[in-house]
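Participant: Quick one: this structure, given as structure tokens, is what I'll be asking you about.
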């Protein structure tokens, strides 16, 4: 890793640890290896969103050419969001691509991701199925996102209906993950989900 | 004219802590050579230059399009930042001073650490450097206590594993000798090593220490003679068998090869005395046999040694193959056989002389090989000495030969420029030169492809001061003028148009202070010394060489 990248990450790391948002437990970052090439970020789901109360883990990889090129960031925690792949966690966000600027830091990246959770961009989607649901059936989207946050990001439980449907499919012999995905894709229509799983 | 500096911001602890407006948004450290963009953002000069090279010419904060020419130094911010107070970065030192005094403080700071000049990789306090390099550094030169060669301290262990003069103990007689002597000792001298009897070729199977062997050879004279006799006899029988074969050519061949082999392998088993007549000589020869030997008969009237007449035999054998007259020659047949014996005996004796000579030659070769090895080792140490001396001479030449004028013949220009462009090394330094006898030591530094704002457009040329032999009594900082010239090598001297610039030393700049490292990190010169277009269009490069001249006048 080049000198400038290593020195920057060290400083940015300190900046995140000391910042106000960290004090409020909204963002957090940890070293994964000692040479700073890989970090683990954590953001809290923003209030008044389906993600509220959840903790979302991020994988952050720093390229050699940092800060002249953006860090590679991916959600490790599974999440239901139009701009984040429900399968891989890949993120579609302009500042992590062509709109990156060398003056941005880990802190601004984490805060931007938090803002993305609060304000999705369904017209520039990463996950087309999620984006379609977001636009066409906002209530189903909110239920799904909340359910996923509860299952994968330890958000408090307040919609037992979804879990019941998942259990219904599990009892039919499907795995829990597959059942949840099928139900999520079909806006919790059990029949359609079963049909999808059988095909 | 700009001072060369390629590093990012100041990584210092400020008291009170640095305000964010003085922080470079790229390296997140205190702005070094603050540079402002048209859109009003400040960066270290090297940071913004690197950013524009790496990611295109746009502002790293708001992506406003930028150009190198629109960047300008923010000297207000620079003055403010240099006036901020910082803690000394050297561990152990508690001094707080203005940032502008950093270099000055480092010069006298007892806790200042620098890289050990012997490349051991350690950072050493300036005060302890001498003691470190003398007594502690892993790369300090020490003499091998056995062969007196000079080697780095940490290579000593490996060297001892191969040092030719290292004392070893002979595993047989426990005698102490040097590693290079051991092989020869075991081969020739050691009394305790188990050796085969020198009559092993003749069949003696005895093996014992070399000491006992002397006695054995003395005591077993008679037995050994018997071995020799039976070996000879065996050879004789063998060659006779060969004679009986129809193809004389085969005989000739195997007589030379098989005969020798018999010496070693089968000689022992025969105890018949040498004078025993071969039994088949009494037999009446058959027709084919007679034909065969009449061929010999035809060819040996003068009893020549067998070797000489053999080819003739071959011819005559063929020519007489169809002759009807064979049996009338049988009366003379016995005499023929006799003559063959005597020739064969002679040849056997020749053989043993040859074998003896071969043994002697082999011993001789072994001695020679040993001598060659010794000479090679000697040669290697001489080579090392020569190399050291050459280095010394070139150092002294550099002192003696120059009188403030230095020509740098920059060879392989094209290759270096290609490498430079691919980003391998952005900079090439000339060898050091002195401004005169007891003068300053300097070197030239060239960035073939320019740096920073001159990147890809100009050749950048700088001078760097180096630590010289006479620095102790020279005046510092250096004052005087330096003329740098890229020479036009046009054949026609009338149209030569040298590119030349003269600079006057500014004592305030660190570049003209006494160098604290082998080469002062700070240089002084021109980022835009000469446009690359001009260099490539004119006659500045001839036979792939660029000629750079430096004239240094000190006051």
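The backbone N, Cα and C atoms fix where each Cβ goes, and this holds for glycine too.
Bear in mind that TrEMBL entries carry predicted annotations, made automatically and left uncurated.
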Participant: Do you know which of B:283-312, B:313-342, B:343-372, B:373-402 TrEMBL annotates as region 'Disordered'?
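Facilitator: The range carrying the region 'Disordered' annotation in TrEMBL is B:313-342.
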Participant: Give the residue counts of the zinc finger (B:159-213) per reduced DSSP state, in the order helix, strand, coil.
Facilitator: 22 helix, 12 strand, 21 coil
Participant: Please spell out the DSSP helix, strand and coil residue counts for the zinc finger (B:105-147).
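Facilitator: Helix (H, G, I), strand (E, B), coil: 15 helix, 9 strand, 19 coil.
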